[in-house]
Amino acid sequence: MTYIRILSQNENDRDNISIILQEIINEQCKSKEWDDIKIIKHEILPDVLYIPIYGPFNDIIPCNKEIIVDKSTGTSILRGADIFAPGVLAARPVEVGENVAVMVDIDGNCRRGYLKNYTGKKLFVGNGKMLMSRHEIFSSNPSELSGIGVLMTQPLYRTPSISTSLSSHLSSLIFLQNKPSILVGHLLNPQPGDNIIDMCASPGGKTTHIASLLLRNSSCNSDKSSDGIIIATDRSKQKVDKINQNAVRCGVKRLVKSFVLDATKSILSDNEVINFNLKDLKCGDQIKGFPKEFFDRILLDPPCSNLGQRPNFSINVKLSDITITIPDYQKKLFTSAYKLLKPNGVLFNPAENEQVISWALKNFPGLSLIEPEIKLGDPGLVGTGLNETQRFMVQRFDPGIKSGYDTIGFFIAKLKKIH
């Protein structure tokens, strides 16, 4: 599924935006000679629309001529996108209007502009029609290219491309986001007066959603005041800049303060606390951290293995990363988050996975799992350190099982700090 979050604070706007998007979808289906595809309102999440993905169409016969694209472009194709010219790595001589088989370079060894038949590891993702010739695509530097180079007429998976519409006025109305990520914002349920931090926030999808929900809960639509504080941090200036860009685009910049911060070292010493004043911190700067027990609600979505990412053409992660390196890093982040959380504060941790939560419950006696108000995922796995009651208080989204077919892999735990 392609999930679309509505940015408007007025829930009734979902109907109007749905009509606009349906017109775009109808035009795409007509131009590609597809059957109609209908946009659907999510029955539980009030700010969400979604579009079905149909496939795989395994009976598609690859065209004789091939073009090669990179994995990033291949991922976009499987999500419904056409091919922008810079995404084409290699092609035999082809002209505008010719039909081509689109192959993904799995190992990343194909050189840009390669003219011969590429014999490296590749995967067929559908057929398309050239909107630019080979000469047009490779006579310029990729940075100078723009526009769609290949129209995907017979993709392996069929769904409309909404991303191309984001260059229009719709960019301020909708945000493409995975279902579990949207659910996190609703479960966090920000309230007026809350101090909130998203500790590994880039690119800012969850941060901007939390800000949007805070505006809605505060019934505060002016730009003059705010009934809460939302802090977004990440380790690099580049990532923080991306958060700021999305906050501006989503219309919540006045609520979001973003800083460069290593979340494993985010606790101020007693001496540093004396001079701490949030108002003195400039958005975008690198900061030292925050006082202990400063936040009412914390979202900690730490770096992970990305094993649940879909589509995913290759997995480049070691077993030791999954079992040791990544969990150890997540535990360091969790320790910082716990120290930053106020008593009776709420912590959301989409970490990997049940074993990290089991570790946290054993190492922080004042911490307990909370029953989520909305359940869209499956219970946690058996034999991972959680008892039967605790298993049903976490949510697991697994694209490898039937109930999770419409989403990426994800995990959500909601915890409360009792003392």
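Here the Cβ of each residue, glycine as well, is placed from N, Cα and C on the backbone.
Keep in mind that TrEMBL annotations are predicted by a computer and have not been checked by a curator.
TrEMBL annotations:
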- 98-418: domain 'SAM-dependent MTase RsmB/NOP-type' (DOMAIN)
- Asp234, Asp262, Asp301: S-adenosyl-L-methionine binding site (BINDING)
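All protein chains included, Asp301 (S-adenosyl-L-methionine binding site) registers 21 other Cβ atoms within 10 Å of its own Cβ. Summarising the environment of Asp234 (S-adenosyl-L-methionine binding site), the number of other Cβ atoms within 10 Å of its Cβ, over all protein chains shown, is 25. Taking the mean position of the Cβ atoms of Asp234, Asp262, Asp301 as the S-adenosyl-L-methionine site, the remaining residues of that chain whose Cβ falls within 8 Å of it are Met199, Cys200, Ala201, Ser202, Thr233, Arg235, Lys239, Leu261, Ala263, Pro302, Pro303, Leu333. Within the same chain, the residues at least 6 positions away from Asp262 (S-adenosyl-L-methionine binding site) whose Cβ sits under 8 Å from its Cβ are Arg235, listed in sequence order. Per the record's binding annotation for S-adenosyl-L-methionine, residues Asp234, Asp262, Asp301 show a top Cα-Cα distance of 14 Å.
The average pLDDT computed for the domain 'SAM-dependent MTase RsmB/NOP-type' (98-418) is 88.
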